[in-house]
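**Student:** Structure provided below as structure tokens; questions to follow.
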Amino acid sequence: MKFVDEASILVVAGDGGNGCVSFRREKYIPKGGPDGGDGGDGGDVWMEADENLNTLIDYRFEKSFRAERGQNGASRDCTGKRGKDVTIKVPVGTRVIDQGTGETMGDMTKHGQRLLVAKGGWHGLGNTRFKSSVNRTPRQKTNGTPGDKRELLLELMLLADVGMLGMPNAGKSTFIRAVSAAKPKVADYPFTTLVPSLGVVRMDNEKSFVVADIPGLIEGAAEGAGLGIRFLKHLERCRVLLHLIDIDPIDGTDPVENARIIISELEKYSQDLATKPRWLVFNKIDLLDKVEAEEKAKAIAEALGWEDKYYLISAASGLGVKDLCWDVMTFIIENPVVQAEEAKQPEKVEFMWDDYHRQQLEEIAEEDDEDWDDDWDEDDEEGVEFIYKR
């Protein structure tokens, strides 16, 4: 299936149902009084994370999701039925962004996690709600409020422990093939990898980690050169980055300059990503003899001002790969993921307020108090129906 990691959709919650103006008419009950029921609340729109999905391709074709409107109230104090909710299932790792405000509404990081993205409208009040000691035959009601409407950007971000960085043809895909069962395409030309891929590295029956391979970066990627830097977002949740450097590039480029290009593009994309733990890994040492490879790696590290440990491996032959993987496993065990607090669901939507109905009733009561001595007829059935809007 085609890998799609971005999609824009429209979500519209249901409007609230209107209240009803009605009076009880029954034999032998001359003054039945008001019996208009309230409307039903509008349906909500929810996001739900599903671990069985791995792409957003479905939302390239289906872009609009609308919840059901609440039914209007009816006579005999019948309340309208609440509108049905709509649930949109997305892959685990999806970030939901409100395109109107640029606000991140939530990150779907766990299977079954739900996120409210559009709140349904409040129900309107029937005329029964407006009955008082001075207004026995109210002809007032309120309409339901509109449901929330948002344009959302969905961004799928892979969940991995380790991320691979490097220029095209640095050997990232060869490495992930060597340490996991993943089989990304490998060839001797740049940009063989076009989409991110995941591989599970199993060290033993109880220890494993997930590694993410993304397309290579080149100079100017931040400005859109090559495949750009859009895939770097898949590394944001990684705990450590493996920066693969081709120790002896076949195209004759300078490994030091290549490494600096990667660092520069990281900083242009995100300072947070640039400050993540990053390990220097020199690949393709099988092309040189051992002493020459060690001397060249040391010279490159010094030129980069690298003072931490670095690794020499050959992904093709497996030389040094196992030791690197065990060190990564140890790092992951010693640095467990700090569970971020789940984003709190907003209890209100901007145009909603919890005391909406209370305010409506207070306003009607004030008007009734002002007009308490006006002439009015309880049996007048031809009066005007009042609709209060907010």
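Cβ atoms here come from the backbone N, Cα and C positions, even for glycine.
Not my notes, these are from Swiss-Prot:
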DOMAIN    1-159  domain 'Obg'
REGION    127-147  region 'Disordered'
COMPBIAS  129-145  compositional bias 'Polar residues'
DOMAIN    160-333  domain 'OBG-type G'
DOMAIN    162-284  domain 'G'
BINDING   166-173, 191-195, 213-216, 283-286, 314-316  GTP binding site
BINDING   S173, T193  Mg(2+) binding site
**Student:** Taking the Cβ of each of the binding-site residues and counting other Cβ atoms inside 10 Å, which one has the highest number: K172, K284?
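**Tutor:** Most Cβ neighbours within 10 Å: K172.
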**Student:** Using DSSP and three states only, what is P215 (GTP binding site)?
**Tutor:** coil
**Student:** How big is the Cα-to-Cα gap, in Å, between S314 (GTP binding site) and S173 (Mg(2+) binding site)?
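**Tutor:** S314 (GTP binding site) to S173 (Mg(2+) binding site), Cα-Cα distance: 12 Å.
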**Student:** Average the per-residue pLDDT over the domain 'OBG-type G' (160-333) and send me the rounded value.
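**Tutor:** It averages 79.
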**Student:** Hey, how far is P215 (GTP binding site) from S173 (Mg(2+) binding site), Cα to Cα, in Å?
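**Tutor:** Rounded to a whole number, the Cα-Cα distance is 9 Å.
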**Student:** Do me a favour and check the Cα-Cα span between G166 (GTP binding site) and S173 (Mg(2+) binding site); whole Å is fine.
**Tutor:** 11
**Student:** Using DSSP, tally how many residues of the region 'Disordered' (127-147) sit in helix, strand and coil.
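**Tutor:** Computed counts for the region 'Disordered' (127-147) are 4 helix, 5 strand, 12 coil.
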**Student:** Cα-Cα, whole number of Å: S173 (Mg(2+) binding site) versus K284 (GTP binding site)?
**Tutor:** 13
